[in-house]
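Listed in TrEMBL:
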| type | residues | note |
| --- | --- | --- |
| DOMAIN | 57-92 | domain 'EGF-like' |
| DOMAIN | 141-186 | domain 'EGF-like' |
| DOMAIN | 205-246 | domain 'EGF-like' |
| DOMAIN | 248-280 | domain 'EGF-like' |
| DOMAIN | 391-432 | domain 'EGF-like' |
| DOMAIN | 434-466 | domain 'EGF-like' |
| DOMAIN | 481-513 | domain 'EGF-like' |
| DOMAIN | 622-667 | domain 'EGF-like' |
| DOMAIN | 673-714 | domain 'EGF-like' |
| DOMAIN | 720-761 | domain 'EGF-like' |
| DOMAIN | 763-808 | domain 'EGF-like' |
| DOMAIN | 902-933 | domain 'EGF-like' |
| TRANSMEM | 947-972 | transmembrane segment |
């Protein structure tokens, strides 16, 4: 409690309180109704620190939002809070990571790079921005046309939509311009492709490597010859061809002078006298006319006009006329036809019109091109082309005209020129000897010596074939020996080898080389093998013994003896069957019982039991059709061996099962699932009037197949049933419930409007457009989703960052927090970033407001307004204030606009009011006025002296008070704050 006689005159944030007595000790009157009170003060409370200090020894500096504020001495806490960017009780701690600003209440922008941290005071991102964002606060998306980290990448110029791309990835939003592909359209079309999505193929008429411009398809290396246009898809105009169609068709082209648009070859051939694919070449020397196919045959040096063939240097020998087509007249030849043909010319004595050679040759015995020379020795005839015959005798000389041998012929040749051999069958001198009749072939022999040309006839030998074959040999060249099967001396005919004394037993043929044919034997193969021989009835071709043994029932080497009684078969080795009736005698050949078989047996020899299904004498009785198993019965008595077939009983199985029973031994009861009153088939139990609903099978024991039900199982289960079992086999009700979207016991009813899914238990999403309008099966909204929802059944909210119809709208980049904005209307869920307002944060703060939600008011000391985000004063401060926020008064000694004015030098202690410059502590010396710029008048001296005395007394009292304060402070070991040692109260 403070003293009753004191009054509190000063309190503040310094945790100190000053009290003064209610009755001042003394007062001094000054002019202008001003007084000075002289009084004693006492100090109570915590430690007093000078200035903005705190701590036990006042060793720490205060760190408050209001820079002029003194903090709590003990903790350093500030009433105005911490400076922007700091936190903690003493405001010495930086804002926690991810926060900034006053009270660290604001979050760093989510697009800050690296760890998402920002500058603690103003929220500027410390480590650049995430890809696609920029600005000090990373709250700006890349400008149009830029993307990526620090927006340093430029959208591909190949983006179709005016260089517009995703500001994060750079992918082109409107696709690529022609000629490019890839998500950011940076890939040129591959070689050979061009245009939209590189879907077009370069023209095959492009030149070079058939490459074209990847954008518009124009051929990069021009067109192939014969084509034009930027796509090279146009042929050259008529009359032009080649590269760029610059070449013109040759004037030498025939017809309409048209040519190939590619190589210029003339389409209708060349004019007469020209050739080459483009008719640019004149005919080669010696040729002329159409296609240069006519030769200048008769022109001298074969040179003629390439167009009309006129000979340029006259005619060759033997021709005349302009084109030298005309031959010399008959009987003349040579240059200018001035020579006459030789009299030794054959026939009409005409000669070659060129060189005088006789056209029909020379007369026999003459030669030379004009037949003026006789044949040389050894030659004769026409043109002396024939040589005197080698068959001429003596010196082989002959007449030069007709070739007659002058000294006769050699052996084997005849005629005057000895050119003919002896005729067939003759030989020797003058062909007077005959060939041997034993010569082979056509009995021809060598025309000179008579040797047989084709060898000898069979049975003869020697060069001229006059010798017979020696004994024991025969045939061609006597190379065959007589057969060893010949009878007697084994000699045979020298020509054909036939045995002269006949064949041995078992052989035949003219040379006895053939064995008797099958079935015969002996001398001359005249004997027939026994009919009782076995197998193929063959016997030894020599002695007739049966080779395959005897037929059944016979024996002996030639099988002529029958088997004895009681035996039969092959080699009589088998005994008659014991099943033979009577005396049990049987046939000697096959063993067949002569008197038939005993009951139960059959077959010719009664060795076979009756076949399955038969019994009794001669197996003439059939087993009962009702016998079971394989239907067999005892072959003797006919009793069923395997019991009865289903539906029958007794030993011969002739009785049906009684009503209501069926099957083997009639032991089974008819199915209860049979329809009607009639029982079942006595054999297989099949229901005679069909099955009750839901059952099938011949005896109605099977439920309907999966998927079917009802009468005869002909009804199909609803396709809307669930599970493998599908539906109940009798009434068709779905056993495992219905597929989504259907209901009812057989699932034929669709879900009613507004419901869907299993058993129609689910309601259509309230987010569907329309009145509960969704697909009855999967709940997908038929008319789409309400704003803010997506997914086939509209149950998904728009992903973070999107809202509105089909979630296509992007949340404002000015929204705070990770949720970004409300999925329906785009309102920012966590408020706006500093400087923005409105439900979707698209509006900047109105003038005079800034910060979060635009709730902070611009400092009143701002000259115009402040920045909507930071609050910095945009137009500077009003007079007397400074700093970005204009929350600092001018420093001591300055005032006015931008604190640029200096207090007047007449102000005491040089301090003045920070706004208008009025001196706060009065004027020094003889000056007055609020800025102490006016000098006092000299006439007021006495008053001044009185004032001087009062002031002097006041100063003395103040000194005393100061001393008292110092003593009190000293006693309390406390310091008095500056400014408390002098109190002035204006009355």
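Here the Cβ of each residue, glycine as well, is placed from N, Cα and C on the backbone.
Beyond the ends of the domain 'EGF-like' (673-714), by six or more residues, the same chain brings 645-648, 656-657, 659-663, 666, 724-732 to within a C-beta distance below 8 angstroms of the stretch. Across the domain 'EGF-like' (622-667), DSSP helix (H, G, I), strand (E, B) and coil residues number 3 helix, 11 strand, 32 coil. Tertiary proximity for the domain 'EGF-like' (434-466) is limited to same-chain residues at least six positions away from its ends with a CB under 8 Å from its CB atoms, namely 410-413, 421-422, 424-428, 474-478, 493-496. Across the range of the domain 'EGF-like' (391-432), the DSSP-based residue counts are 3 helix, 10 strand, 29 coil.
Across the domain 'EGF-like' (141-186), DSSP classifies residues as 3 helix, 11 strand, 32 coil.
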